[in-house]
């Protein structure tokens, strides 16, 4: 009995020192509480061996060992439940029910042992305890299986927890990467924002400068507008002044044309008078030639001989005061003065209306024919016009009448001819005017000396068939660009 009890105690002690996860609980070992199983009195339960082994102390030790074992199991279960995360709720509930059932069974067993009599039906109580322990061993086996399943579930939960931790680590790394990327993007956004602010400030400065320039330009435009208005006023005044001067010039030109017409009429009268005098002179000359041919030849030789210069004559009387000349043209406009301060703009004047152009006057009616005049007296012998024109041309400073510097008579004074375009055709016309058959040679560049006074003719272009040099084409009377160093001359052919 004591040996069996010691064996049971040792078994319980070994199970206490070992882990319930290393060696599962075997409830069949409690069957050793059958005290008559190994003894010599195994076959008879009412003998003396059973009575010797029916000690209550062994039963008490067994019950205490069983309580201790159950306590250790409960402690291990609670440690696992506390240390392992998230166990299965169904397994925990089943385990709790089994433990509660086991506790109730042990309590009933303890009460029965304490209330059982010491002498009466001890063997029956032992066998009942044996049966109860047998049943409790089955329950413990089921409880051990549940604990093993719970342990497997805990190991699975642990593996899942490790995977979850790895996933959490990966998530943390990814979160850290995302945080770094977000910080980098935030930094870039800040840099872009700073750049945008700088650009906005720069653009604002440019806009301010542009606004100032526009303001200055508007002021300059206003000044230019004022200057243009002043210039317009001055130009309008100048235009009006020029219009007045033009009207005055028109009046002067009309007066000059009237004077020219009068002079032309007077010139025609003088020309007629001169022709008459020349006719008289020719008649006298012809008479002289007829009366005394020798005297005429002597007289011609005398006229051709150049005598010594006569004494200087007395100064003539002062002529009459001439008419006032035409007012001269206005001088060039002076340089503009310094720019004055712009004055206040005056009120805008009313725009004047353009005057209507006067109607052109009607042509006057043809006058009545005057009465027929009385028959005049018989006139003197006429002279050929070529002879008159011949008197208006002469050759000067030559070795004879056939050569010299060509001079023409115009406006009661003698003048020279420029050698521009002067050729033999021109010389032929001049020589025929003087009674010679033609020109032997023409001369330029004042070969017979420089004349004095006006240069009446320039750019003379004769065809060679004209009767007078005055019928050749030339520039206007007195219009020339030559000097007396270009006076023309001619040498005529003799008979």
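Quick reminder: no glycine exception, Cβ is built from N, Cα and C everywhere.
Swiss-Prot assigns the feature coiled coil to one of the listed ranges (29-49, 50-70, 71-91, 92-112), namely 92-112. Between the alpha carbons (Cα) of residue 135 (N-linked glycosylation site) and residue 431 (disulfide bond) lies a span of roughly 185 Å.
Reported as a whole number, the C-alpha separation between residue 418 (disulfide bond) and residue 462 (disulfide bond) equals 14 Å. Most buried of the glycosylation sites 135, 232, 397, judged by other Cβ atoms within 10 Å, is 397.
Residue 194 (N-linked glycosylation site) sits 55 Å from residue 232 (N-linked glycosylation site), counting Cα to Cα. Remark: residue 482 (disulfide bond) has 418, 419, 420, 455, 458 as non-local neighbours, by Cβ distance under 8 Å and separation of at least 6 in sequence. Comparing the Cα of residue 462 (disulfide bond) with the Cα of every entry in 232, 255, 397, 431, 492, these being the recorded positions, the smallest distance points to 431. Looking only at Cα atoms, residue 472 (disulfide bond) sits nearest to 431 among the recorded positions 232, 255, 397, 431, 492.
Least crowded of the disulfide-bonded residues (418, 431, 472, 492), judged by neighbouring Cβ atoms within 10 Å of its own Cβ: 472.
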